[in-house]
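Visitor: The structure is given below, and queries will be raised subsequently.
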């Protein structure tokens, strides 16, 4: 349906997505599940990393094997909800550097407002993975990607747990070359800009605050 969008439908991911949708799931379990889903998604997001062949000596003989070909990675959570996905990603790619972009959505205009930014100094040399649990209007994601490009970023991927078609279309319109990885594409947005059926406000549920 959508070009450059990858829906990761692994049974474990889909099971855990069902659990975080449940309004009865508390903050502690919600945080753990988001971390687990992010770790599982990282497996697919990094599937296209280049490899190089090396030789290693085993206790028995010399083996020809493969390792990742020196790619530098960066994980960029969009604050605050994106923080919930960082530790899961780092479990699979522990050498990645982590930057932060603080963008919130104005409740009246639904437009993104930037309030914080701290990025790796070598951002132009890294393949970046922008993480945010929800892709609703796409405003925050588009703004974050635009800001990263201004700083010299060349290769960017966007990873969301749940996306609305409106958000996907917005990212495609502004940044058509950026691949989007999601666990679910939902029906759309309600009049308040929330994803339906979604899971509510991911930041509130992660941290137990509104």
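Just so you know, glycine gets a Cβ as well, placed from its N, Cα and C.
Annotation source Swiss-Prot lists 5-phospho-alpha-D-ribose 1-diphosphate binding site at 80, 105, 132, 133, 134, 135, 136, 137, 138, 139, 140, 201. Taken from Swiss-Prot, the feature uracil binding site applies to 195, 200, 201, 202, supported by sequence analysis.
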Visitor: Using the centroid of the Cβ atoms of 195, 200, 201, 202 as reference, list every other same-chain residue with Cβ within 8 Å of it (recorded uracil site), in sequence order.
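Guide: Apart from the listed residues, the neighbours are 133, 134, 194, 198, 199, 203, 204, 205.
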Visitor: Going along the chain, which residues six or more apart from residue 132 (5-phospho-alpha-D-ribose 1-diphosphate binding site) have their CB under 8 A from its CB?
Guide: 77, 78, 81, 82, 85, 140, 141, 144, 158, 159, 160
Visitor: Within 10 Å of the Cβ of residue 140 (5-phospho-alpha-D-ribose 1-diphosphate binding site), how many other Cβ atoms are there?
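Guide: Other Cβ atoms found within 10 Å: 28.
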Visitor: Just checking: which of 200, 201, 202 have a Cα that is within 10 Å of the Cα of residue 80 (5-phospho-alpha-D-ribose 1-diphosphate binding site), counting only these binding-site residues?
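Guide: Matched binding-site residues: 202, sequence order.
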Visitor: Could you round the CA separation between residue 201 (uracil binding site) and residue 134 (5-phospho-alpha-D-ribose 1-diphosphate binding site) to a whole angstrom and send it over?
Guide: 9
Visitor: Using DSSP reduced to three states, classify residue 132 (5-phospho-alpha-D-ribose 1-diphosphate binding site) as helix, strand or coil.
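Guide: DSSP call for residue 132 (5-phospho-alpha-D-ribose 1-diphosphate binding site): coil, neither helix nor strand.
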Visitor: Long-range neighbours only, meaning 6 or more apart in sequence with Cβ under 8 Å: which ones does residue 202 (uracil binding site) have?
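Guide: In sequence order, 34, 81, 84, 133, 134, 161 meet the Cβ cut-off.
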Visitor: Relative to the Cβ position of residue 80 (5-phospho-alpha-D-ribose 1-diphosphate binding site), how many further Cβ atoms are located within 10 Å?
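Guide: Taking all protein chains shown, residue 80 (5-phospho-alpha-D-ribose 1-diphosphate binding site) has 19 Cβ neighbours within 10 Å.
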Visitor: Could you state the CA-to-CA distance between residue 136 (5-phospho-alpha-D-ribose 1-diphosphate binding site) and residue 195 (uracil binding site) to the nearest Å?
Guide: 6
Visitor: Would you mind checking how many other C-beta atoms are within 10 angstroms of the C-beta on residue 195 (uracil binding site)?
Guide: 26
Visitor: How long is the line from the C-alpha of residue 195 (uracil binding site) to the C-alpha of residue 138 (5-phospho-alpha-D-ribose 1-diphosphate binding site), rounded to the nearest angstrom?
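Guide: Given the Cα positions, residue 195 (uracil binding site) is 11 Å from residue 138 (5-phospho-alpha-D-ribose 1-diphosphate binding site).
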Visitor: Under DSSP, is residue 202 (uracil binding site) helix, strand or coil?
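Guide: For residue 202 (uracil binding site) - judged by DSSP and reduced to three states - the answer is helix.
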Visitor: Would you identify which of the binding-site residues 138, 200 has the most other C-beta atoms lying within 10 angstroms of its C-beta?
Guide: 138
